[in-house]
């Protein structure tokens, strides 16, 4: 009888231990499942971060590409501005040469006008001499008349020359006015061109500053891309580690489930043995 009681106590103790182990196995299983879910959540979070890192890398790559395109456009604008400056300098030189030629034509016209005035004075003096001789010497009337006709012819010729010179003078004055107007326009244009040149120079300096700024940004983007690449590698490593951890935990869960099943079988066997013992006691 004592042996049976002792055996029953041992069976009860084994049953309690089996229950404790079963509960512990259940707790371990739940903890493993919680840890597995936590790792799965971390894996999803890491995958999202990885996707965000890839998107950010694409964004910086696109920004770097835009910066390079803007830099190329700035260099093209600077080249075009230099070509415009050279063209404007050539135009200024042509205007200055045309102004010099106009001034030379004006000086020639003034000289011809002075010569015409001298010829007119000489003609007037000749007519006075002829008239004086006509008054003093009537016997030489025919000669004087001839001389008078000649003088008139000379005077008429001089008048024609004077009119022609005057007409040419008007034309020359008109040319001079146009030349002065063109000179004023040229001076105004030169001032505008100088102002445009200053603007182009300032724009060129601004473009150079922007190019330097873009170069600095490019270095910064390259450094950020390098940092992001390192973070990407680190995230990939963590993701791989998390996947391996999940695999291990899944295997641990399977092992725990197997152990739980074995404990249940053992508990069932102990319960059956305990029932048999109770039946034996009842029979006694």
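In case you wondered, yes, glycine gets a Cβ from its N, Cα and C as well.
As recorded in Swiss-Prot, the features of this protein are as follows:
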COILED    1-284  coiled coil
REGION    1-38  region 'Disordered'
MOD_RES   1  N-acetylmethionine
COMPBIAS  12-38  compositional bias 'Basic and acidic residues'
MOD_RES   45  phosphoserine
REGION    116-136  region 'Disordered'
MOD_RES   174  phosphoserine
MOD_RES   186  phosphoserine
MOD_RES   206  phosphoserine
MOD_RES   252  phosphoserine
MOD_RES   261  phosphotyrosine
MOD_RES   271  phosphoserine
MOD_RES   283  phosphoserine
Looking only at C-alpha atoms, tell me how far residue 261 (phosphotyrosine) is from residue 45 (phosphoserine), rounded to the nearest Å.
34
Residues near residue 45 (phosphoserine) in space but at least six apart in sequence (CB under 8 A):
none
